[in-house]
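Per Swiss-Prot, the feature substrate binding site maps to Arg382; the stated evidence is similarity to another entry. Annotation source Swiss-Prot lists N6-(pyridoxal phosphate)lysine at Lys231, citing similarity to another entry. Look at Swiss-Prot and you will find Lys247, Lys256, Lys334 tagged as N6-acetyllysine. Marked as N6-succinyllysine by Swiss-Prot: Lys247. Annotation comment: Swiss-Prot describes 1-23 as transit peptide, evidence class similarity to another entry.
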Amino acid sequence: MFRALARASATLGPQVAGWARTMATCQLLVAPPEALLRPLSIPNRLLLGPGPSNLAPRVLVAGGKQMIGHMHKEMFQIMDDIKQGIQYVFQTKNPLTLAISGSGHCALEAALFNILEPGDPFLVGVNGIWGQRAADIGERIGARVHPMIKDPGNHYTLQELEEALAQHKPVLLFLTQGESSSGVLQPLDGYGELCHRYNCLLLVDSVASLCGTPIYMDQQGIDVLYSGSQKVLNSPPGTSLISFSDKAKNKIYTRKTKPVSFYLDMKWLANIWGCDGKPRIYHHTTPVVSLYSLRESLALIAEQGLENSWRQHREVTAYLHGRLQGLGLQLFVKDPALRLPTVTTVAVPAGYDWRDIVNYVMDHFDIEITGGLGPSMGKVLRIGLLGCNATRENVDRVIQALQEALQRCSRNKL
């Protein structure tokens, strides 16, 4: 043993000497940041924008639990619980159902990276920022993107889509159920059936709408559905939900090329999430604590019941609409049937700078509301009633804040 140690020392001698010289000649040039030597301080704020939302107390507790390993059997059970929860809120029996280690953008990329190949025709409903993003990602992976552009606040009819499907013959159609940048709710009944008549898959973004308004993945013929954790689910940002129909799964498994992303390769993700019936093998380190939180947020919805959650958002948002109109404000989406029950858009009142209103509400009331986003920038104010934040008490608080802001903020009378 001693001879072996001596031989190892002789072999490593020059290398060890080099390390010693490096340590002797190099010095720390960056001091510990003073900011990190102070305690973390977070304001207590009511988040009534389009998301993220405040965390439900049970979700907050889950985020403080101790780590376990991402490949432990207990973690796999938590992942199985999450999968069943996603199947419930999506109303699907799809085996290929899982959570993505990343926000809603990650789920959108996972959908497009796995379904589309270079040269595939891709039809995109662009009536807000999320359609813009989908078209952008499609172009980046070499799809032939055909955008159907509409002004913010408008939706797509079956007739319009049928004409576009017949013209472009896409393999995939993208629609946003809840366009949070404009506050419009896209109808979905009959759209999956229409797509399938033209041999096209239907991809739907439900990030801002899930659990706030009905969606039935299987019954509505949706082939790929994704959502986020930080809206009605009241969970931290950083995880997202996704599911693929058998038709979509077949498209994935018969690709001619590999998906452009290894991290979002659905064949790998299907395995780590127990969707392929094979022993799970390491792909990436899943965000263990975030998955605790997601599991608990789905449990809360399961306990409340989807229909009760839908009713809560519909009734509280109707109350908000009445209070806003009582202030003389105009709702941006004119047709009540097309108003998103989770994110309400208000036309910026004449003469006001929307930034003044948003800043006043934040500075004086610690309430977040936001302006528009993408095509709706400068046109609207956005108020979100998401999950546990969807209460009449919160409506009264934000109305009081808006009323004072309209009285105190400067107004251009020209």
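Glycine too: its Cβ is placed from the backbone N, Cα and C atoms.
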Fill in: C-beta crowding around Lys247 (N6-acetyllysine), within 10 angstroms
17
Fill in: For Lys256 (N6-acetyllysine), the number of other Cβ atoms found within 10 Å of its own Cβ
6
Practice prompt. Measure from the Cα of Lys334 (N6-acetyllysine) to the Cα of every one of the recorded positions Lys231, Lys247, Lys256, Arg382, then give the nearest.
Written response: Arg382
Response to the item:
When each of the recorded positions Lys231, Lys334, Arg382 is scored by other CB atoms within 10 A, the minimum falls on Lys334
Worksheet entry | Shortest C-alpha distance to Lys247 (N6-acetyllysine) - which of the recorded positions Lys231, Lys256, Arg382 | Lys256
Worksheet item: Given Lys231 (N6-(pyridoxal phosphate)lysine) and the residue listed as 'substrate binding site', what distance in Å do their CA atoms have, once rounded to a whole number?
Response: 14
Worksheet item: How long is the line from the C-alpha of Lys256 (N6-acetyllysine) to the C-alpha of the residue listed as 'substrate binding site', rounded to the nearest angstrom?
Response: 43
